[in-house]
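Structure, as structure tokens:
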Ligand SMILES: O=C[C@H](O)COP(=O)(O)O
């Protein structure tokens, strides 16, 4: 079911003590909200974050996972390992994983299927690069990212998918897509899903926007009808900024 979500992707930031301190501050300041609030610390701090937030409504999610069940994949983490420590949601397809770790649509399709097979929720990220937008190819790039990784799924899988549109040119750059650009792409994504599957699935999927969301622009972006929340990077590392963004939804 479509819901409002604010998720903080901490990326490769915050050591153990800093993670504990930031989680304490965020949970202490968390306002009453109907939105789902998620945080994603690094792998080494996930288990302690789950324990620390045991009595909180904040959900701890993972930034990545491997598609294999187990085995000789040095440095990797499986779905079962995440589930075992109480993590039920995983971010897949982040542009940094695509750009720096060679994650292709084909690999991502395997990861998505592996997570769904374990009844996990997938937060699937996609988005065009600046050159794609400049050449007016942003819609076709996004369509093919979605098609290649997600359109082979059964219709029933969509209740376990959250989408996050993150134009690469807006990530960590201070350059935000305008609320109109976000709305335009989110509406396009919903239409594309309605065509490939059906209107109910399209209407029910939550589509988050990510890319330089901050307290000063969150409210306007979140006010758009097809924007269901945000995937927040840099601003999620500062408790007051993250809380202000949660309040904006
Ligand atoms: O996962 C989060 C996004 O990459 C956005 O990062 P940012 O808010 O630092 O631009």
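Any Cβ shown, glycine's included, is placed from N, Cα and C.
Source: prediction; values computed, not measured.
Lifted from TrEMBL, the feature list:
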BINDING   9, 10, 11, 172, 212, 233, 234  substrate binding site
ACT_SITE  94  active site, electrophile
ACT_SITE  166  active site, proton acceptor
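What TrEMBL annotates, mapped onto the structure for a quick look.
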{"residue": "9", "record": "substrate binding site", "Cβ within 10 Å": "26"}
{"residue": "10", "record": "substrate binding site", "Cβ within 10 Å": "21"}
{"residue": "11", "record": "substrate binding site", "Cβ within 10 Å": "17"}
{"residue": "94", "record": "active site, electrophile", "Cβ within 10 Å": "27"}
{"residue": "166", "record": "active site, proton acceptor", "Cβ within 10 Å": "26"}
{"residue": "172", "record": "substrate binding site", "Cβ within 10 Å": "12"}
{"residue": "212", "record": "substrate binding site", "Cβ within 10 Å": "21"}
{"residue": "233", "record": "substrate binding site", "Cβ within 10 Å": "21"}
{"residue": "234", "record": "substrate binding site", "Cβ within 10 Å": "18"}
| note | DSSP, reduced to three states, assigns residue 9 (substrate binding site) to strand
| note | Rounded Cα distance, in Å, between residue 234 (substrate binding site) and residue 166 (active site, proton acceptor) is 14
| request: Would you measure the largest Cα separation among 9, 10, 11, 172, 212, 233, 234 for the substrate site and round it to whole Å? | output: 14
| task | Give the distance between the Cα atoms of residue 11 (substrate binding site) and residue 94 (active site, electrophile), rounded to the nearest whole Å. | result | 10
| message | Take the mean position of the Cβ atoms of 9, 10, 11, 172, 212, 233, 234, the recorded substrate site. Which other residues of that chain put their Cβ within 8 Å of it? | response | 13, 171, 232, 235, 236, 237
| said: Return only the integer: C-alpha distance in Å from residue 9 (substrate binding site) to residue 94 (active site, electrophile). | reply: 10
| remark: For ligand 1, the binding-site residues of 10, 172, 233 whose CB is under 6 Å from one of its atoms are 172, 233
| said: Return only the integer: C-alpha distance in Å from residue 10 (substrate binding site) to the residue listed as 'active site, electrophile'. | reply: 12
| query | Reported as an integer number of Å, what is the Cα distance between residue 212 (substrate binding site) and the residue listed as 'active site, proton acceptor'? | reply | 9
| query | Given the recorded positions 166, 172, 233, which lie within 10 A of the residue listed as 'active site, electrophile' by CA-CA distance? | reply | 166
